[in-house]
Amino acid sequence: MDEMSCGGGGGGARWKRARVAGMGEGKAGGGGGAAFLGLERVGMVVRMLPVPEKVSARARVVRGSLVAHFRGWRVVRETWWWVLLLWILAGSLGSFYLFLFMNAQSLDKRRDSLASMCDERARMLQDQFNVSMNHLQALAILVSTFHHSKTPSAIDQMTFARYAERTAFERPLTSGVAYAVRVTHGEREQFERQQGWAIKKMYSSSNKKQSSPGPGPGDAAVAEIREPAEEYAPVIFAQDAYKHVISFDMLSGNEDRDNILRARKSGKGVLTAPFKLLNNRLGVILTYTVYKYELPAYARPHERIQAAIGYLGGIFDIQALVEKLLKQLASQESIMVNVYDTTNESPISMYGDDTGSGMCHVSVLNFGDPSRKHEMHCRFEKKPPWPWLAITSSFGTLVIALLTGHIFQATVHRIAKVEDDFHKMSELKKRAEDADVAKSQFLATVSHEIRTPMNGVLGMLQMLMDTDLDTTQQDYVRTAQASGKALVSLINEVLDQAKIESGKLELETVPFDLRTVCDDILSLFCGKAQEKGLELAVYVSDQVPQILIGDPGRIRQIITNLVGNSIKFTERGHIYLTVHVVEEVMSCLEVETGIQNTNTLSGYPVANRRRSWESIRLFNRELHSSEKSFAPIASDSISLVISVEDTGVGIPFEAQSRVFTPFMQVGPSIARIHGGTGIGLSISKCLVGLMKGEIGFASKPHVGSTFTFTAVLMRAHCKGNDIKSSEFKGINALVVDHRPVRAKVTKYHLQRLGVKTELTAELNQFISKLNSGSLTAKLVLIDKETWLKESHCTPLLVNKLRNNDKPDSPKLFLLGSSASSPKGGSDTSREHNLNVIMKPLRASMLQVSLRRALGGVDKVHCRNGVVGNSTLGSLLHKKQIIVVDDNIVNLKVAAGALKKYGAEVTCADSGKKAITLLKPPHNFDACFMDIQMPEMDGFEATRRIRVMERDLNERIERGEAPPECASIQRWRTPILAMTADVIQATHEECLKSEMDGYVSKPFEGEQLYSEVARFFQNHDQVE
């Protein structure tokens, strides 16, 4: 199918190299001469031309690389035994390294296993110790409750000993418990009289520490009476195995005294250092303090000391505890366990004899006393086994290396056999690539050289249009402009195709309003649609964000290609552009039956919309990748579905498979009738792919076509310039249209202006509301087709409105188009004195029409949508402007365009001259700077000018400015870039170079006004 691309870059891009795979013969316009050279003729020209210097250089590089490649293989073939020897050596080293690596992994695994077993034993030891601690604390509470809180006491030595023995199973880690009461010096005499014994010291007459917390049973006779002290802690209750410690003062021993003082001060259980028990095994004493009453957790130390009335101690046999634990955790691989008290610099062994060597793991033990530190050291009892896995793996690697060396030897002989054939094929390939590069550079150079003067031609034609011409001359100029734009469009298509094939086409990411882009596209094809009597409309879903981030130029190019094709191949009916999000389309597909639907914009049937969406899968090369359109995307991304529906001639079934093939036409008759190059749809498909989308279509001959594509864009976090105006807020409108799709389009444009809209299908319903007084709408928009269809009601409606003297009488609008204007229908508006709005509807055009009807005044005086000469003239009159461009034609065009608006223009043909003329102080109000110039480009010239201006501003701040700058606070000359290729990278470079904006070549009044108004409106000079 033939199509025409109306998007693409301008004519100022400097192309160095582009690659075009092929180009078919095409016709420009309706059948003039050849628009470009055919492929065969291009080949002839290329063969006749000498190879360019750059191509020759590349050919020499390619030839040199090939020669080096063949020489390298020849060297390998001649010295293959050295390579084989090196390979065997490398294989041996690799196998040895593998052995070391796997052996290290085995050791790491063994180390992790030891750590796991050691940590498990340490954890269980801590858990069992904590359980015993809890039971000791419960016993302390029992003593406090039944001994100190009862009068008389409910506990005596026999009761305590019996209870301790019967509950010993709850304290499997303790070998005995004892309770000592707190006695002051003043209470000692009475206490000893009540107990029947005197308080004794913990030390014997020999002043040596015993192996237990007091003398043994046979040492009672040698026990000494406790000398006077401030307070005492004599044992009054003890388990039978330790009842020999009854009457001994626990505060008389240094270790026990320190333990008791820390316990009653902290309110927690504390441990002693390891000591030998009566059974000659190491143990520790855990001490808890008994208080008169329950203390809060935040009690202070002195409060705890005052409330202390006794001390409960439990003796732990560490060796028995660890032995019991090891029996419970007997594993397949036994380990040696050693427990140490590491509180002091010299660790004290509490269990085990650390005589082993080798791998060791240390686990920290926490017995609840932060002042004591304990550790568990673990080692394997057996030596590690041989690392058979590492040995076999490394040996296997060595065998593989030897086999690979043998294969390498066979490969060398094989390569030597086919080397000559490969050399011949490489030479042929090199020649083909050289020819392809020459052809691509030729096409790119010729296209660029044609486009550059064409911009000058178009600019001069625009200037010629502003002179006094008669009707015939104006028609000639318009025809020349149309032909020039068609040629530029054709060149842009060729350059885009070359960019795509060379992989140099990139997308920009800038914020833009998609609704405004769609309106601009409708404005572009408005005249052609009206000439052919077609209904042209656009609808954008409310779920589409106001501002998106993407490449508006490429989206405009895709939609323009599709709409342009629809205009070209449609003779009656409509062309309908819609934009939705993917979720909306998917929900519609679930309920759509797929039957051909006549509920359309114009009433003509259209191709199956469902097949248009599903055909995206058909034209995807990989079937499984068709799910990518439905795959989840990032939260800031949005996937859009854009469709162009027409009621044209459709695409023959036999031609549908090659629609997206470059340079392919549906048939030879299409090229003769409609022209075109046949690459617009191919370019569109590539652009859609760059946007992470897909494109497909549904077409039925003599019914129409529906092209659908998806695009993934980003949501903009900034708010867009909503077109809604405060002047339309609170206004209600009624749309009368018997076609629901068309009514929805009208409602969409009204809602963009902030107008609340209601729909009705018949004029009778509107008349009924008018008669009943229930009509709240201030605006009534009636489609002309509905008006003519129900013409029997129109006289009654007009008379009703004329006789209505109310000030809030609704304004009546007729929505007309060439498609709804049969013979005689064009006089309808004049006959009934109605306001007419011509379709296709655009928000800006609708806004102006409604404002005029409501008695408003246009804010900007325009003619045919273009800023008038008077508006620009008021801004540029007598302004001193310098234009910098190395192209004389571009200088003339730019100077002529600015002089037309009253500016006084000075021209400079290089960046160096511009720097000289713009050295401050000077009299210029603004500068238009070309970006690409020889010697010094526009970016560098602008940077140097800004440096000179900053130097002057610093002098002004210091008060050293020249006299002509005495009244100036800050000097800055507006510099606008002149370019025809304003992509994102170019725009960013303009900002980096401190330019103030850009205008396209040739100048367009509307863009020129929007740029210069920022500097010249409301003041005479910007500095």
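Cβ coordinates come from backbone N, Cα and C, glycine included.
Taken from Swiss-Prot, the feature topological domain 'Cytoplasmic' covers 1-80 (among others). For the topological domain 'Cytoplasmic' (1-80), the model gives a mean pLDDT of 43.
Here the transmembrane segment (81-101) has Cβ contacts under 8 Å with residues 387, 390-391, 393-395, 397-398, 400-402, 404-405, 408-409 of the same chain, all six or more residues outside its ends. Taken from Swiss-Prot, the feature transmembrane segment applies to 81-101 (among others), supported by sequence analysis.
Non-local neighbours of the transmembrane segment (388-408) in the same chain are 80, 83-84, 87-88, 90-92, 94-96, 98-99, 101-103, 105-106; each lies 6+ residues outside the stretch with a CB under 8 Å from one of its CB atoms. Under the heading transmembrane segment, Swiss-Prot lists 388-408 (among others).
The feature topological domain 'Cytoplasmic' is assigned by Swiss-Prot to 409-1023 (among others).
According to Swiss-Prot, the phosphohistidine annotation covers His448.
Summarising the annotation, Swiss-Prot assigns domain 'Response regulatory 1' to 732-854 and lists sequence analysis as the type of evidence.
Annotated region 'Disordered' per Swiss-Prot: 812-831, in sequence order.
Look at Swiss-Prot and you will find 817-827 tagged as compositional bias 'Polar residues'.
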Query = In the domain 'Response regulatory 1' (732-854), how many residues does DSSP call helix, how many strand, and how many coil?
reply = 60 helix, 25 strand, 38 coil
